[in-house]
Each structure stands twice: as C-alpha cells, then as structure tokens.
Ligand SMILES: Nc1nc2c(ncn2[C@@H]2O[C@H](COP(=O)(O)OP(=O)(O)OP(=O)(O)O)[C@@H](O)[C@H]2O)c(=O)[nH]1
Ligand SMILES: [Mg+2]
Ligand SMILES: [Zn+2]
C-alpha cells in the first residue's frame, strides 16, 4: 500500500516494512480501511501528535479536544490522507508501560518495540536492583532486553561492570560501548535491522540520547540534546523531556525516552519470574505450595542458597520486588472504589 501524503521531506518513500509493518498489523486491516494510510506515531504531546508516514514525517490533525493519552510513540495508526485525521489505532504487538506514583492508569512509554535497550553506564550510578526492575518491565511487555553499558571508554577495563550485570537474567545480552562513537552502531546492528524497533530506557545521564544520535547519524542541527552529568554522583539532569521515534541510519527505528527517576514494580508476574528464573524453577520443589523461601522447612530455594547455588542477595531483592509488585498491582475496584490486589497476602503455608 502506498498512499501519497503531501509533506516537506524530500526522502525516498519508505515501504511499510521499512516503517516496521508486519503480518501482525496486516491481519488487522478490514475492507473499510482501504484508502487509509498506515503511519507510526513519532511524538505525543498534550494536544499534538506527529507521525512517520511512508513519505516522511507529518503532523496529524486531531479532532477538537481529542485525548492524546491513548497514543504511544511507536503506535500504528490508520490516517485519512486528505484530512490527516487518525481514524483508527491498531492493536499493539508489545506495550511498554509503567505505573506512576498515585497514577490511576499506567503511563505508556512506547509501543511495538522489539528490543529494549536498558542503558546504564560504567560508573558508580550502576544499580543491579534497578536493572532487575527494567528487566522485569521488558519481559512483561514482550520485548527482548539488552543491557547497554555506556561510557566504556571512561574505564580501563569494563569487565567489573559486565560481571555485575551478566547474571541478572539467564541468557542476557550485554554490550559495552562508547555511545558517542560511530562503532557503537556496529555493535548494536543485530537489533537494528530494517523493520526492527528498539527503545532506549534508563536513568538520566546514561547516554540514551547520545546513543540515539549515533544510531540515527543525525546532523548536529537535528540531533537530540544531550546534557552533562554531575561530577559528585554521576547523575544526569533530565535533558530529554519527551519520547520520540527516529530512523536508524540504514535500518530500523529507535525511540528515545526521558530518564526515569523511580520505576515502581506493578503488574509484573511473568516479567519477574523470567528475571529470577533460578528461584521460580526451584519453587515447585518446596514443601509448601506458597513457600516464601524464608523460614519454611523443606524450602528448596533456601537449600540452594546453603550450597551456593542461589545468591542470597538476589533472593532478598526478589522478595522486596515481589512484595512491592503485589502491593502495587490493582485488579478489582470494589463498590467504593477500594482497590484489592491480585495476589492474596495470606501466607497459609498449606502443604501441597
Ligand atoms: N565518554 C562518554 N560520554 C558519554 C557516553 N554516553 C553519554 N556520554 C555523555 O554523558 C552525558 C549525558 O548523555 P545524554 O545522552 O544526554 O544522556 P541521557 O541518557 O539522554 O539523559 P536524559 O536525557 O537526561 O535522560 C553527555 O555529556 C554525553 O556526552 C559514552 O559512552 N562515553
Ligand atoms: Mg536524553
Ligand atoms: Zn521455598
């Protein structure tokens, strides 16, 4: 499908596959959609949404007082090419979202992302507990996580940082690089091929926008702003303030996001089990079905800790994250809107 939309760009038209289209989206098209142009949401602001069309970036026309909170960067929308009004949003292949403090509905981070680049630097800001939260988020959303260790050029040897993160999830890929050097694009090429979409997440100052500029080979006047970090604690200054989709030079798409201050655990069940798979795997062997792997007799996890098969610090982090996830995960609203959580807080220790 190629529907012409007038625009200001002079680039060659892209195929839908180059925009990231796949059978998953094709299957959602109906006959009534004939004549509408599929486009990808590139930026979402309070009253303004832009998209990447086959013929370049365009501003969408939203009906008066339309709510933009239902749009995520990376979404596919079917647009009327004459009015530029988005008629329908297609179902998402993957949804990256997080719950914010006190927020009723989850905040959308990005949609239709294949690979989540969890960015952290080879410096003292690296925090394994925080990375485990990002991993759970990636797993839960159906995206493949890759840990990117930036600022590898600032250390004589990146092995100590690699060693800290390699064991955080089975089969985890870790890439150490200098986000500002062109070679970074080569190291990340396996996840950036045509049709692929990656999203960059991580704390402020870790080099997400620097990496985006490297991957997209942006000219200096078009580049994402990057900011310095504080020398005292290596923390960034929240330079990027909104999410945006950009074309990777010669390949897929990359989404930049603002640095996240706190990532609350919520709505993560599969996500947590995949991060802490060594614990999840042993749990069925515990004597009690609802074993907390703490004080119970016949606990297979504690037995593994005793012989050095499971890291006790990881077990402690699993417990903390699991408790937080249960507390923050709403499922039912009672008649007065009182929230209940998915998992029961009862610890009955019933034998199987
Ligand atoms: N030497 C070196 N500097 C880097 C690297 N990555 C990022 N920087 C520097 O670190 C600072 C922060 O980089 P940004 O790209 O703005 O970080 P960010 O993650 O986008 O930060 P926010 O937008 O605040 O979330 C800038 O001064 C970059 O030049 C790297 O791999 N090596
Ligand atoms: Mg940034
Ligand atoms: Zn147990």
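Here the Cβ of each residue, glycine as well, is placed from N, Cα and C on the backbone.
What you see is a predicted model, and the numbers here were worked out from it, not measured in a lab.
Using a 10 Å radius centred on the Cβ of residue 152 (GTP binding site) and all shown protein chains, the other Cβ atoms total 21. Under the three-state DSSP scheme, residue 152 (GTP binding site) falls in the helix class. The annotation GTP binding site is assigned in TrEMBL to 150, 151, 152, 153, 202, 203, 204, 205, 206, 207, 208, 209, 210.
Annotated Zn(2+) binding site per TrEMBL: 286, 291, 293, 299, in sequence order. For residue 286 (Zn(2+) binding site), the number of other Cβ atoms no farther than 10 Å from its own Cβ, over all displayed protein chains, is 20.
As annotated by TrEMBL, compositional bias 'Polar residues' applies to 338-352.
Annotated domain 'CP-type G' per TrEMBL: 100-263, in sequence order.
What TrEMBL records for 111-261 is domain 'EngC GTPase'. Within the model, the domain 'EngC GTPase' (111-261) shows a mean pLDDT value of 94, rounded to a whole number.
The feature region 'Disordered' is assigned by TrEMBL to 222-243 (among others).
Sequence annotations record features per position, and here TrEMBL assigns region 'Disordered' to 321-352 (among others).
Residue 293 (Zn(2+) binding site) and residue 152 (GTP binding site) are 38 Å apart (CA-CA, integer value). Screening the binding-site residues 150, 202, 204, 208, 291, 299 for a C-beta under 6 A from any atom of ligand 2 leaves 208. Proximity of residue 202 (GTP binding site) to non-local residues of its own chain (separation of 6 or more, Cβ distance below 8 Å) is seen for 118, 119, 120, 134, 148, 208, 259, 260, given in sequence order. Cβ proximity to the Zn(2+) site centre (mean Cβ of 286, 291, 293, 299, cutoff 8 Å) flags the following additional same-chain residues: 282, 283, 287, 288, 292, 294, 296, 298, 300, 301, 302. The Cβ neighbour count for residue 293 (Zn(2+) binding site), using a 10 Å radius and every protein chain shown, is 21. Summary for the binding-site residues 204, 210: the Cβ-based neighbour count within 10 Å is maximal at 210.
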